[in-house]
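J.: Here you go, one structure.
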Amino acid sequence: MKNGMIECSVCHSKLVSPSPKSISRAYDRHRSKVSSKQRALNVLLVGGDCVLVGLQPILVFMSKVDGRFKFSPISVNFLTEVAKVIFAIVMLIIQARRQKVGEKPLLSISTFIQAARNNVLLAVPALLYAINNYLKFIMQLYFNPATVKMLSNLKVLVIAVLLKVIMRRRFSVIQWEALALLLIGITINQLKSFPEGSSALGLPVTTGAYVYTLIFVTVPSLASVFNEYALKSQYETSIYLQNLFLYGYGAIFNFLGILGSAIFKGPGSFDILEGHSKATMLLICNNAAQGILSSFFFKYADTILKKYSSTVATIFTGIASAVMFGHTLTINFMLGISVVFISMHQFFSPLAKVKDDQQNGVLERMNVQDSHRSRDSSFINMAAGANEEASHRVGPDERQPLLPT
């Protein structure tokens, strides 16, 4: 792109580069005309994410020994990234074998180098995810688990604001109200986790607590939005190739964390397989599957749908916990889930885009009127020409034949 112009790679014609606002409007129109295949993909993504996210707290509970972890959390994150890298390589090889003749090879060095340059922005969400995984344990030093859950609810509104600022995403008033309902529904659902006599507002008034709270809410939200932006900005690149870069960066950052832990705690902490069991291996596979599925959310759907999907997964977790561990389903659980479903229906309802549709309808009617006017004017010109021809007086010279006789 030079001087605000982009050149077509086929016909080499130059066009004006679209602004972020026009891209946002195009995305809104695309969302309003979702195909049946896209709807089916969204259903599969939400269903799979609900199962995986719902299983995670159960696997974490099963990984504890005497109420604590015998493994290093950083090692779990590193092994998760390694598993995702292996999956991306396998899928990339399968996709390359299915390529047709004449297509640009995926496994060539030139393709890999060019894709690495174009997708260097994926290092940003990879670093943010690595920081977030570490912050999950730091927050336990300042807040109790129930308060941590309550604070994590703020990510919904932070993600919406970041989408509006970074990706120029537009939300109607109804959609903002739906996001507020989602925040309320999650809060109602998690009120059951507070111990008696405690309060969500009983936060320790220390500078470190407020700093970690701000980082805990902002970092994962930035990671999700930047991940969606990076994946969609290079939409023509294979998602498996993009995942290879994203997970590769993540593995590097987590490995640096392991090295740092070994420097401060001694060489004994460098053993990444220490304290792991079958439950932790299942947890690693589950986390890897969640990360892979999230990339499809960010590239082919959006971050808001991912957040709603993770919230709906609470149903699966509650039911599975009741069946496997005998936990009871409280009235707060039922009320919170009901509010979440109302919020989800309201956010994705066509009524939330009525204003945009009306504007598009006005524009379409204006275009139709302009076309009718142009047709009428052309018809009037034709009629005037015919009338002029009919009233034209033929002179003596015009009666002569065009060809000699």
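Backbone N, Cα and C atoms are what each Cβ position is placed from, and that goes for glycine too.
Caution: TrEMBL annotation is automatic and unverified by curators.
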J.: Can you dig out which of the ranges 279-301, 302-324, 325-347 TrEMBL describes as transmembrane segment?
T.: 279-301
J.: Can you check which of 40-62, 132-154 TrEMBL lists as transmembrane segment?
T.: 40-62
J.: Are there at least 3 C-beta pairs under 8 angstroms linking the transmembrane segment (243-264) and the transmembrane segment (74-94), leaving out pairs fewer than 6 apart in sequence?
T.: yes
J.: Using a threshold of three or more Cβ pairs below 8 Å, and leaving out pairs closer than 6 in sequence, do the transmembrane segment (40-62) and the transmembrane segment (211-231) count as in contact?
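T.: No, the stretches stay apart by this measure.
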J.: Name the range, of those listed as 40-62, 173-191, 243-264, that has the largest tally of Cβ pairs under 8 Å with the transmembrane segment (279-301).
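T.: By the under-8 Å Cβ criterion, the transmembrane segment (279-301) pairs most with 40-62.
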J.: Any residues 6+ beyond the ends of the transmembrane segment (40-62) with a Cβ under 8 Å from its own?
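T.: Distant Cβ neighbours of the transmembrane segment (40-62) are 34, 279, 282-283, 286-287, 289-290, 293-294, 296-297, 300-301, 305-306, 308-310, 312-317, 320-321, 324-325.
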J.: Who are the chain neighbours of the transmembrane segment (243-264) in space, where the CB to CB distance is under 8 Å and they lie at least 6 residues beyond its ends?
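T.: Hits for the transmembrane segment (243-264): 72, 74-75, 77-78, 81-82, 84-85, 87-89, 92, 115-116, 119-120, 122-123, 125-127, 129-130, 133-134, 227, 270, 272, 291-292, 295.
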